[in-house]
Amino acid sequence: MNKAPFNDQFLRACRGEVTDHTPVWYMRQAGRYQAEYRKIRSKYSFHEMNLNPEVAAEVTRFAVEQLGVDSAILFADIMTPLPSIGVDVEIKSGIGPVIDNPIQSRSDVDRLGELDPLKDIPYVMETIKMLREQLSVPLIGFSGAPFTVASYMIEGGPSKNYYKTKAFMYTDPEGWHQLMNKLGDMTIAYLTAQVKAGAQAVQLFDSWVGALNEADYRTYIAPVMNRIFSSLKELGVPLLMFGVGASHLIQEWNKLPVDVIGIDWRITIKKAREVEGITKPLMGNLEPALLLAPWEVIEERTKEILDQGMEKPGFIFNLGHGVFPQVKVETLQRLTSFVHDYTRKNS
Ligand code: CP3
């Protein structure tokens, strides 16, 4: 297969270097908003898609080709490694991950096993190897961060207020730290295996950690996040992180040994840099619901983000959260071209 020359714009932006245009990719760029995805999904369960490297690679690559984005994200889920440590999880369409044996006590934490990625989930690393042969943009590997993964493990499924998770944390801090350490070990093993297989950057999704305040973040979460990122640093690839509704934690994140901070639409790029004093490269942050608005509105709001983003090197355009199933493919295609054209002219 003849590959196009490698597009390194995303990796350059992660390192805070000058780029030819602002690189762009979208969280959940492979998913149900695509007819081609829905067709494949009608033949396999989500888990079966993950198990089959040809299918997972196809879905990953297709999104890149269809949208013209500057990076690929591995098709898998933050729940993918959990069955290997003893947590039965099922992804239910339209609901999300559902777990039949939630963590309720310290003894449930004690029972959790260790992840051996190459033995337990070799198909993920196979997918990565296959993709590296096929792609001409960087491949992002990823994992769920301990708080977000723990929230599903304790609540048993999606939650609005995370009260069971918080009750566990406040009631048994030692058991909580044990859980964070086990999930930290899992994350390090998993992401290390992904990078060794060929992932060129890795992102930690801490989608729901914004439910905590700064002081609790420092006490219950920062230690494990520091350990994860310090350990991954040795791999030499850019490390990214992301959370929803977590602008109040941005200064805590800036202290972690992470390279890129992904933010949602609740804070502007300008405020993150100038008021919060964020020095690291940023990624974000178009409100995903705007993708359902008329193009003129999308364009205006995207320009605002890009004008701020381009003020200094080290900016990656993305949404503030994942693409909704209702979004039209054409909207994302147009948005990708717009970001590229606008930032090429104005940089
Ligand atoms: O394209 C990509 O972004 C790569 C693949 C990816 C998926 N999930 C595929 C997926 C990534 C990076 C994730 C991360 C993920 N999974 C997160 C963190 C990011 C975020 O959205 O906050 C979380 C919290 C999950 C847990 C999860 N898995 C949820 C909430 C859902 C959605 C439920 C639904 O049906 O809308 C899933 C399922 C899931 N993961 C789908 C996809 C494409 C839909 C599965 C289907 O086809 O039914």
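The backbone N, Cα and C atoms fix where each Cβ goes, and this holds for glycine too.
It should be emphasised that the depicted structure is a prediction, and the values quoted were computed from it without experimental measurement.
The feature substrate binding site is assigned by TrEMBL to Arg28, Gln29, Ala30, Gly31, Arg32, Asp77, Tyr152, Ser207, His321. Contacts of Arg28 (substrate binding site) defined by a Cβ separation under 8 A and a same-chain sequence distance of 6+ are given as Gly322, Val323, in order along the sequence.
Sequence-distant neighbours of Asp77 (site 'Transition state stabilizer') (same chain, six or more apart, CB under 8 Å from its CB) are Phe46, Asn50, Ile91, Pro97, listed in sequence order. Per TrEMBL, the feature site 'Transition state stabilizer' maps to Asp77.
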Substrate site span - longest C-alpha distance across Arg28, Gln29, Ala30, Gly31, Arg32, Asp77, Tyr152, Ser207, His321, in Å: 23
Which of Ala30, Arg32, Tyr152, all binding-site residues, has a Cβ with the fewest other Cβ atoms inside 10 Å: Arg32
Listed in sequence order, residues with CB under 8 A of His321 (substrate binding site) and six or more positions away: Met27, Ser207, Val244, Asp264, Pro288
